[in-house]
C-alpha cells in the first residue's frame with residue numbers, strides 16, 4: 001500500500017504527460033509478469049563484455065574531460081523516439097526519459113550544469129561511427145553492451161539490464177516467446193536482436209518486419225500483428241503508450257545497457273563509471289526508474305558494476 | 001429547237017434510238033414486233049431497258065443527272081458525318097475529357113496537399129493550429145467530393161472505375177490513421193508519429209491513394225488524348241467525295257458545253273459553286289479547328305500535365321521535409337526522398353534550373369505563362385538553400401531551431417524565425433497554381449475556338465449539298481425538257 005501511495009505521489013509530482021495506466025494489483029485477470037532469465041550465455045572468447053574500467057584504477061580527469069570543459073557542453077547522441085527512455089515530449093518540445101536523466105547527471109558532474117548538453121539525434125546505425133569520428137562525446141541510447149561492439153567503442157558499467165520479450169494485447173492467448181505464437185503474426189524491427197532470434201526459430205509464427213520498433217505498436221493496434229517481439233525496455237515504452245498492451249512471459253536474452261564512448265577517452269569512461277556508482281547509491285537511479293519505468297517494467301534493480 | 005447530238009455516231013447501238021423522240025415518261029419503248037417469240041425474263045428486259053436508256057441522249061442525261069445529284073448529296077452527307085464526328089470529339093475535349101482530367105489532377109493534388117499539411121501540423125508542439133486542421137479538412141472534403149464527381153462522370157470506363165473504387169476504399173482508412181496519429185500526438189505519445197508515418201506510407205505506396213489518383217489522371221488524360229486525335233483526324237473520305245463530285249460537275253458542264261455550245265448551265269453552275277463552298281469550308285474550318293485544338297493540346301494536355309507533376313513534386317518534397325523532423329532522428333529515408341524529389345523537380349543543382357520546372361519553362365509560350373514558372377524556380381532555389389541550413393541545425397542537435405526554420409516560430413535562442421522553408425513552399429505552390437490557371441485559360445479559349453470552328457459546318461454542308469443536288473437536277477432537267 002505504501003508503495004502504491006508513493007507511486008501515486010510520484011505520479012502527481014512528475015510532469016509525465018499521459019501517465020501510462022498502471023498495471024498494478026488492480027488489474028483484473030492473471031497478468032503474466034516479466035521474469036528475467038538468469039542464465040548467462042556468453043560466448044567463449046569474450047566473457048562478460050560489460051566489465052568496464054574501474055574509476056579508482058586511473059585518472060578520471062584527463063584529456064577528454066578537458067576537451068568537454070573547453071567546449072562547454074557535453075555532446076550526447078540520443079534517441080528522440082524511445083518513449084520513457086529518450087523522447088521529445090510533443091507538448092513541450094523538451095527531451096525526457098530514463099536515458100536523459102542519466103545524461104543530465106553526467107553533465108552536472110563534469111560541467112556543473114545538468115543542462116549543459118548538446119543533444120544530437122543519432123540513428124541506430126550511426127551510433128558507433130559517430131563515437132569513433134568524435135562527433136559525439138558519448139551515446140546514451142538504450143545501447144546494448146556486447147562482444148562485437150567493445151572492439152569499436154568503450155562502454156561504461158551496465159546501467160540497466162533488458163532482454164527480448166513478447167508484447168501483446170490484453171485479450172490475446174499469447175503467453176510469451178513460446179508455442180502460443182503458433183499461427184500468429186509477430187512484428188519486429190528489421191535487423192534487430194528480435195529479428196535474429198525469430199530467424200533462429202519463430203515457434204510457428206509469421207514474422208512481420210518493419211523499419212522501426214514503434215511501427216510494431218501501430219501494427220498491433222490496427223490488428224495487423226498479434227504480438228511484438230522487441231527489447232523489453234522498448235516494449236515497456238510501447239506498453240506505456242497503450243493501456244491494453246503488456247509484456248508477457250520471460251525475457252529471452254539478457255542485454256546490459258551501457259554508455260558508449262570513444263576507446264581513447266579512458267578518463268571519461270572512468271568518470272562516467274564513478275557517476276554511475278553515485279547514481280546507483282544515492283537513490284537517483286531508483287527515482288528515475290520510478291518515474292519512467294516501474295509501472296511497465298516492475299521489479300528491476302540497478303545492475304552491480306563489474307570491472308576489468 | 002432541235003439539234004443533232006454529237007459523238008457516239010459510230011456506235012452500232014445508236015441506230016435504234018437516234019432521232020427517235022422518247023415518250024414523256026422517259027422509258028424507252030422497245031420497237032414493236034420486237035425480238036423473237038421466246039418469253040424474256042424480267043432481268044433481261046430491264047437490262048435491255050437500261051442499255052436502251054444509255055443509248056439515247058435523254059436517257060444519258062437522266063443517268064448523269066441522277067449521278068450528279070447522288071454524288072453531291074453523298075458529299076454533303078459524308079462531310080456532315082465526318083465533321084460531326086470531329087465536332088463531337090472537340091466538344092468532348094471541352095466538356096468532358098479535359099474537365100475530367102483536371103478533376104483527376106485536383107484529386108491527386110488535394111491528397112498530396114492533405115499529407116503535406118498534416119505532417120506540418122505535427123511539428124507544431126501540442127495542438128495543431130486551426131489553419132492547419134482547416135486546410136487538411138478542406139483537402140479531404142475536396143478530394144471526396146471530386147472522387148464522387150469523377151465516379152459519376154466516368155461511366156463506361158472500367159479502368160477509371162477500378163481506380164475510383166480504390167480511392168473510395170482507401171481514403172477513409174487514411175483519415176482514420178491520421179486521426180489516430182493526431183490523438184496519440186496530443187497525448188504526447190511518440191506512437192502518434194509512427195501512425196503518421198504509416199499513414200504517409202499508405203498514401204504513397206504502390207496501389208495506394210496517390211498511385212490510384214495518378215492512374216486515374218493518366219486514364220483521363222489518355223481519354224483526352226484520344227478525343228484530340230479524333231477531333232484532329234483529317235476527313236479524307238469527305239475530301240475525296242468532294243473532289244469527285246466537283247470533278248463530275250465540271251465534266252458534266254464540259255459535256256454540256258461541247259454538245260450545246262452554251263457556256264453556262266445555271267443549275268449545274270450553282271451546284272458546282274455550292275459544292276466548292278462546302279469543300280473550301282471543310283478544308284478551312286477543319287484546318288482552323290486543328291490548329292486551335294493543337295494549341296489547346298499543347299497547353300491542355302502537355303503544359304498542364306507538366307505543371308501538375310511539378311505541383312505534386314512540390315507537395316511531396318514538403319511532406320518529406322516535415323517527416324524528416326517528425327521521424328526525429330530516423331528520418332534519413334525522408335531526407336533522401338526530399339533530395340531525390342527536388343532533383344526531379346528542379347534538377348540536381350540547388351542553384352540551377354532543371355527537371356520538371358525546366359520542362360514547364362520550355363512549354364510556356366509567353367511571359368504570362370513563364371513568369372509564374374520563373375517565380376517558382378526562384379522560390380525553389382531559396383527553399384533548397386534554407387533546407388540545407390535547416391538540416392545543419394537539426395544535425396547539430398538544435399531541433400527547436402530546425403523546426404522553426406521549417407514552419408516558423410521561435411528558435412532555440414528565442415528569436416522569431418521569419419525566413420522559413422514553409423514560406424518558400426507556399427510561394428512555389430502559389431506560383432504553380434497561377435501558372436496552371438494561366439494555361440487553363442489558354443487551353444479553354446483555344447479549345448472553344450477549335451470546337452466553334454466546326455460547329456456550323458455539318459448543317460451548312462447538309463444544306464448546301466441539298467442545294468447543289470437541286471441545282472444539278474434543275475440544270476439537267478432543263479436540258480431534258482428540250483427533248484419534249
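Along the chain as shown, the residues are counted starting at 1.
Every residue, even glycine, has its Cβ placed from backbone N, Cα and C.
Automatic prediction, not curation, is the source of TrEMBL annotations.
Per TrEMBL, the listed range annotated as transmembrane segment is B:59-81 (candidates: B:36-58, B:59-81, B:82-104). Annotated by TrEMBL as transmembrane segment, the relevant range among B:233-251, B:290-308, B:309-327, B:328-346 is B:233-251. Non-local neighbours of the transmembrane segment (B:233-251) in the same chain are 67-68, 71-72, 74-75, 78-79, 82-83, 86, 268, 271-272, 275-276, 278-279, 282-283, 286, 468, 472; each lies 6+ residues outside the stretch with a CB under 8 Å from one of its CB atoms. Nonlocal intrachain contacts for the transmembrane segment (B:59-81), taken as residues 6+ away from its ends with a CB within less than 8 angstroms of a stretch CB, comprise 17, 22, 26, 28, 52-53, 235, 237-238, 241-242, 244-245, 248-249, 252, 255, 268, 271, 274-275, 278-279, 282, 457-459, 461-462, 464-466, 468-469, 472-473, 475-477, 479-480.
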